[in-house]
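Working notes, structure below.
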Amino acid sequence: MSEFIPTWKQPSHPETLQVIKGATPYTASARSLVALPAGALFSKITTAIPAPKKTYTSVQTGPGLNIELMSDLVYCNHSCSPSLEFDMSTFEVRVSRDRPLSVGDELTFFYPSTEWDMVQPFNCFCGSQNCLGLIAGSQDMEASVLSRYWLNPHVKDLLAGKQMTVAPESTEEISLKA
């Protein structure tokens, strides 16, 4: 799979983010050009289009629903200590609730906050002291780990459904005879 080529006019967010191209494929990133308080609106998502299938650049908006951002927001990488939250229920990108954003900060979000499963899982190298290692989507993560993060409503709903379908711990035989 080759690195994608943007089809939108760049820069798409010249006042708020700068794309930094890496020396090798898949190493581009985005840096903040603004300082904002925790929880502040960073950007609305206004250029997205439905994605006919899940890709490594798509963002999940609901069960079986994905979009392509069609903007430089696609360069916001994953981090286990994210600087942003992608709220797909409001199509807004906000500064993480637990810390402010400074000029020069890398723009990142916690991919499992939007993704139930991923077409291209990867080993995380975010460098956070809380780095989780393999990132493959929220369906493969422990609820106790996910509880430390802000999650989109569709991910919370899918997690609730998953917890309801987990088999009981009991090894006793259950009789269904009337």
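Even glycines carry a Cβ here, placed using N, Cα and C.
With a cut-off of 8 Å between CB atoms and residues at least 6 apart in sequence, the same chain places H78, S79, C80, C131, L132, G133, L134, I135 near C124 (Zn(2+) binding site), listed in sequence order. The Zn(2+) binding site feature in Swiss-Prot is assigned to C124, C126, C131.
For the domain 'Post-SET' (120-136), DSSP puts the residue distribution at 0 helix, 4 strand, 13 coil. Annotated domain 'Post-SET' per Swiss-Prot: 120-136, in sequence order.
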Exercise. Within 10 Å of the Cβ of C131 (Zn(2+) binding site), how many other Cβ atoms are there?
Worked result: 14
Exercise. For C126 (Zn(2+) binding site), what residues in its own chain, 6 or more apart in sequence, show a Cβ-Cβ distance under 8 Å?
Worked result: H78, S79, C80, S81, T108
Exercise. By Cβ distance under 8 Å, which residues at least 6 away from the ends of the domain 'Post-SET' (120-136) in the same chain are close to it?
Worked result: 1, 56, 78-81, 108, 111-112, 145, 148
